[in-house]
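If you look up TrEMBL, you'll see C454 marked as active site, glycyl thioester intermediate. Residues or ranges marked as domain 'HECT' by TrEMBL: 448-486. If you look up TrEMBL, you'll see 54-88 marked as region 'Disordered'.
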Amino acid sequence: MIGQATINIRPLQQDLPLDCESSRPASGPVIPCITCQKEVPFSEMKLHRLSCNGTPMQESEREQEGGQSEENDSETALVSDSVPVRPETSAESAVVPAVIVNEELDRKETDSEWKLIKEPTQAAKVFKENLLREHATGKPLRMKMDVRDSEEDRERELLLFYKQQQEWACPLHCTLVGDVAIGEGVMRYFMTTIISKLQFGFSLDLGGMGQTLLFEGEPDHLVPAASEALIESNLFRVAGRMLGHTFLHDGPHVTGLSPAVIHVLFNGDPEMATVVTEDCPDLHIRSIIELLEHEDLTPEQKDTVSDLSMSWDLPAVTKTNRRWLHNKLLLHAVVGRTMRQIKQLRKGLKDVMVWPLLTSRPDVVPLLFPKMAEMQFTPQMLLEKITWPVEDSDDEDFDLDTTCRITGFLRMFIETASSGTLAQLLTFWVGWEMLPPELRVEISGGTLPTSSTCFETLKLPAHFKLYMDFEKALVAAIKSTGFGLV
């Protein structure tokens, strides 16, 4: 068996010569070597190529080629030292991603730098600059308005522009058709117009009430209007885009919003909102809620309160739930009836991409929604509301030169006045720091400027010849009492 016997196997080639010399004679056709041009049998060409060095001429050519290749190698080395070359080895390829990651980290650190800045104004500035720079190469936004159109048509153009879904941080190009104005002044005009419409209302009849107010109520207690037509038209989302867009471009702001609305707008708990009776814009509802502040209610008053509470799915008033019902009714009147509007405003702010700043930095929110006391009036806001005197008016007769001189003095005063002075002028003119739909100007034969606040009319004396005298008299009037007629 194989396991019990030794078997020796000898290769058949053991006694055969294996060296090259013992190989059989060369065979095949004779062909010239491409290096030395020597004719060699085809079967020996492989061995000849191993020992062939070529002719001197070919060697010199090879040396020249070698020199050129060395020069090319040196040039390549110089280029590789100055310009990054795509890595070919795994060791080199491991370095480049690290560089890319470092660049991305640096960019992220720059983008989040605003979170570390203590001053809210500077933090907002850095955030807005980063956002605008990030979208600087995007498709420009083109806002156009024809100054020759009616006010309603211009408002339609604005609403149509902000109803479109766009990248709102892209470059903004504003054009006033029919006007030669160009540059930053045109954009400032647009931003002022937008905030003026949000603050004081649109002339368009969008809710069946004549003028369209998006925010209603007392100063520093404004809440979104409870209009079903405005909600269904998604107009508050448009308003949110307007607010965020003007904020992004350092424009003016809507002022006087209720702190309770601002609290809920930025994801605050509605039950934790601080609501006061002044936040309720409906005077009839407010008067009913105020009845609960009395100790005793007549049967008629109880019925009135109960009718309101039950219409809002709340229980009727009793002696034990009066305080609780007061808070619930007030909360629903201010927050409950405006939740859909607030959600639309929030969506509009998110569309403009300023939401991360406002939620990460609560100290920036007062910059977007300042109080009425911090309102910054601009000359354009007042000038666009003024109705200037005309020749065929029923007032006292004054020649055209006098009328033009005095109205020119007023225009110069408004254009050069500070925001605080303009606020004082408006208070003197109409009785409070809110722009009415129209401001009237009359020329009178008096000694000092006076006003009729109920008619929103400013009466300017015609005897002034120098602007210095006019300015002195007007400043004295707006800073004193007794000149405005209620």
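Just so it is clear, glycine is given a Cβ too, placed from its N, Cα and C backbone atoms.
In the predicted model, the domain 'HECT' (448-486) shows an average pLDDT of 81. The DSSP secondary structure for C454 (active site, glycyl thioester intermediate) is helix. The Cβ of C454 (active site, glycyl thioester intermediate) has 10 other Cβ atoms within 10 Å, all protein chains considered.
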